[in-house]
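What follows is a single structure, written as structure tokens, with notes after it.
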Amino acid sequence: MLLSLAYYGNPILRKKAIPIERIDDSIRQLATDMIETMHATNGIGLAANQIGQLLSIFVTCVPIAQDDGTWIDGKDRVFINPKILAYSQEFQVFSEGCLSIPKLFSDVARPESIKIQAMDLDGNVFEETMTGYEATNFMHENDHLNGVLFIDRLHRTERKK
């Protein structure tokens, strides 16, 4: 089922998400609906507060860069109660956009790699290291769960534009 998006100015986008205590059929259905909505809106990530739910869950489908400079579709992933455990000291810059702020894109500097922890839909807690665009996407979606938008990460002169 396609879900309605919350857009810039909606107060829910500035609220901190609540941890999910139990994974049940309603959470599994929410994840399925979020993935469907993400693809239908040509997104590569979607956090629960972007669809009006203050729950600590986001979904991603990050494209994968190929050696020839092209990109292929990534796989759908679900992150429940995600945390960033460590950040690299090196930074990278990618152009970011947001389904909740249509048609606005800007370069954002973020750590090049991160170590994360999250839970999957089976309740398994996992850790992994992410780099590149995948790391940037994870940080962008995780920011949403903390009430932070990518425009908050821009230099104040860039934000005024």
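Backbone N, Cα and C define each Cβ position, glycine as well.
Look at E141 (active site): DSSP puts it in a helix. The annotation active site is assigned in TrEMBL to E141.
Residues or ranges marked as Fe cation binding site in TrEMBL: C98, H140, H144. In sequence order, L104, H140, L149, F150 constitute the residues six or more apart from C98 (Fe cation binding site) in its chain with CB-CB distances below 8 Å.
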Using a 10 Å radius on the Cβ of H144 (Fe cation binding site), the other Cβ atoms enclosed count 23
Show which residues of the chain containing E141 (active site), separated from it by at least 6 in sequence, have their CB under 8 Å from its CB. G45, L46, A47, F58, T60, F79, P82
What other residues of the same chain, not counting C98, H140, H144, have a CB atom within 8 A of the CB centroid of the Fe cation site? G45, A47, Q50, E96, L99, S100, E141, D143, L149, F150
